[in-house]
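TrEMBL has this to say about the protein:
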DOMAIN    23-288  domain 'NADH:quinone oxidoreductase/Mrp antiporter transmembrane'
DOMAIN    290-343  domain 'NADH dehydrogenase subunit 2 C-terminal'
TRANSMEM  56-76  transmembrane segment
TRANSMEM  96-115  transmembrane segment
TRANSMEM  152-171  transmembrane segment
TRANSMEM  178-196  transmembrane segment
TRANSMEM  202-219  transmembrane segment
TRANSMEM  240-261  transmembrane segment
TRANSMEM  281-304  transmembrane segment
TRANSMEM  325-345  transmembrane segment
Amino acid sequence: MNPQATLIFITSLMLGTTITISSNHWIMAWTGLEINTLAILPLISKSHHPRAIEAATKYFLTQAAASALVLFSSMTNAWHTGQWDITQLTHPTSCLILTSAIAMKLGLVPFHFWFPEVLQGSPLTTGLILSTIMKLPPIALLYMTSPSLNPALLTTLAILSTALGGWMGLNQTQIRKILAFSSISHLGWMAIIIVYNPKLTLLNFYLYAVMTATIFLTLNTTKVLKLSTLMTAWAKAPSLNTMLLLALLSLAGLPPLTGFLPKWLIIQELTKQDMALTATLISLLSLLSLFFYLRLAYCTAITLPPHTTNHMKQWRTNKPTNVTIAILTTITIMLLPIAPMILTIV
């Protein structure tokens, strides 16, 4: 793609995200979401492959429907209360419609079907944008409207997302689809706590974005898209693959790593809210996603290809690791000991 065109689309993405996050009026928030949708479409379909065009079409249709619902919800609320302020969403029907619209934007169950397909049809860098930056405006809207939202509905969506995100990722061999189901599962953790402690949702999102960025950028460096190619990637950049192993375990939420921090805090907060049963259920459901993270980690660094003659060995690269990947990997692995400091900031 033309560098000037790429610059325009990336700038539009940042502009749309900033408008939505900083707006108080529903129409401005909707405008930001629309700018975002239109800016990402050329980035999804830039390869001109039929799968990429299909992904862009699916993305456009889903996001257009969700944006229409956001507009409908805000208009219904304005009709009943006379308020266009985002924080004044008090009408119950408007809250339900908005929750459905944001769930569709984010890819929460039962509106999740588009997300794995779109991620599979996109390049890795666009997949990273879809998994991180594109999720920020809808989460910001949830954050601003969190006092008015229905806790029972959000808890149900969250538990279903964690369950299906883990369950549907079990039999996948395409890494982008696995990361899509991983995203759905993580969104479940964010949605369950938004009503009770919205700041924890934001902390979870920031850490998830950092961990996902590490994995996507590492895969982009080693040019890996399937489990079968991941098995032979260790020959290309052994140290980078070792870091990928740790990053995957961090995304799974295993204790000495950064990914354990948001899960620990969310379980603690749910227990304080007398929701110990819910906390237990969502923790058990996250074991499903742990399985496919472990499978990815196993393919990354532990296995050798079964028949070495059948596999093309990859040349080892002498290029130094990208500084961005090095910084993100450090954050992904080593943030847990400074958890108290992070909590004082949040």
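Cβ from N, Cα, C; glycine included.
Predicted, not measured: the structure shown is a model, and the values here were computed from it.
In this chain, the transmembrane segment (325-345) lies close to the transmembrane segment (240-261): three or more C-beta pairs between them fall below 8 angstroms, excluding pairs fewer than 6 positions apart.
If you look at the transmembrane segment (152-171), the same-chain residues 6 or more away from its ends with a CB under 8 A from one of its CBs are 96, 99, 103, 108-110, 112, 116, 177-178, 181-192, 194-195, 275, 278, 281-282, 285-292.
The listed stretches are 96-115, 178-196, 240-261; of these, 240-261 has the most Cβ pairs under 8 Å to the transmembrane segment (202-219).
When Cβ-Cβ distances below 8 Å are used as the criterion, the transmembrane segment (178-196) is approached by residues 103, 106-109, 112, 115-116, 119-120, 127, 131, 135, 139, 142-143, 146-147, 149, 151, 154-155, 157-166, 168-169, 172, 204-205, 208, 212, 215-216, 251, 262-263, 266, 269-270, 273, 278, 282, 285-286, 288-289, 292-293, 296 of the same chain, each at least six residues removed from its ends. Predicted-model confidence for the domain 'NADH dehydrogenase subunit 2 C-terminal' (290-343) is 81, expressed as mean pLDDT.
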